[in-house]
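A.B. asks: First the structure, which I've put down as structure tokens, then a few questions once you've had a look.
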């Protein structure tokens, strides 16, 4: 005998009424690594990383979650979108691969098979660059310098791992990446070169021109006027760490803010 279909009213019961500081959802997860219950994997990781014994600290692999607890009726059950007991939708967005639930669908969540995780921003607005190893905004399609696995490293400013960071990420013209907020903070402090490769991250052509004009307008002291120096390396402007013969490039638009 087939069970009666769940009404839409019941599916939406309790929506936005449950969750944590990270997500609105109507379930909790049981962490298989420590058998403890948390609202989401970020709550687990924050608690686990506060343990006094450094050896006990660990992070939860989202794909290993097998059991969830309905926040409405407290029924523990295998991972699924709809509660088997009370019939509520435990997450308006649900990814069976990532074991991810979220009631806020305005984020435009989608699962990227190549990345192996869910991201936000709308699938139509992003493409997966196989060489860079991550999803980039469509504005960068055929319009960025590929750096192999450029997102699979830590932000050179705050050292947080970029690939699954919740913060927006910026890809620079040189192909290297960092958090958007770290990038703008770096600009505020008058740092205009990539921390990884030292190439300019904004258009510095006017600056190079002004420096060259100042050099040409400055009279050479008599003691050095007739000396000749042979240089083997390209001339660098010492303060800005950019070859004078190479024009700087513009910064590309921010990347997707990574979910999970």
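Placement of Cβ uses the backbone N, Cα and C atoms for every residue, glycine included.
Pulled these features from TrEMBL for this protein:
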| type | residues | note |
| --- | --- | --- |
| DOMAIN | 13-88 | domain 'CHY-type' |
| DOMAIN | 90-154 | domain 'CTCHY-type' |
| DOMAIN | 155-198 | domain 'RING-type' |
A.B. asks: Limited to the domain 'RING-type' (155-198), I'd like the whole-number average of pLDDT.
C.D. replies: 92
A.B. asks: Mind tallying the domain 'CHY-type' (13-88) by DSSP state, helix then strand then coil?
C.D. replies: 14 helix, 16 strand, 46 coil
A.B. asks: Per DSSP, what is the helix/strand/coil residue tally across the domain 'CTCHY-type' (90-154)?
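C.D. replies: Secondary-structure composition of the domain 'CTCHY-type' (90-154): 9 helix, 21 strand, 35 coil.
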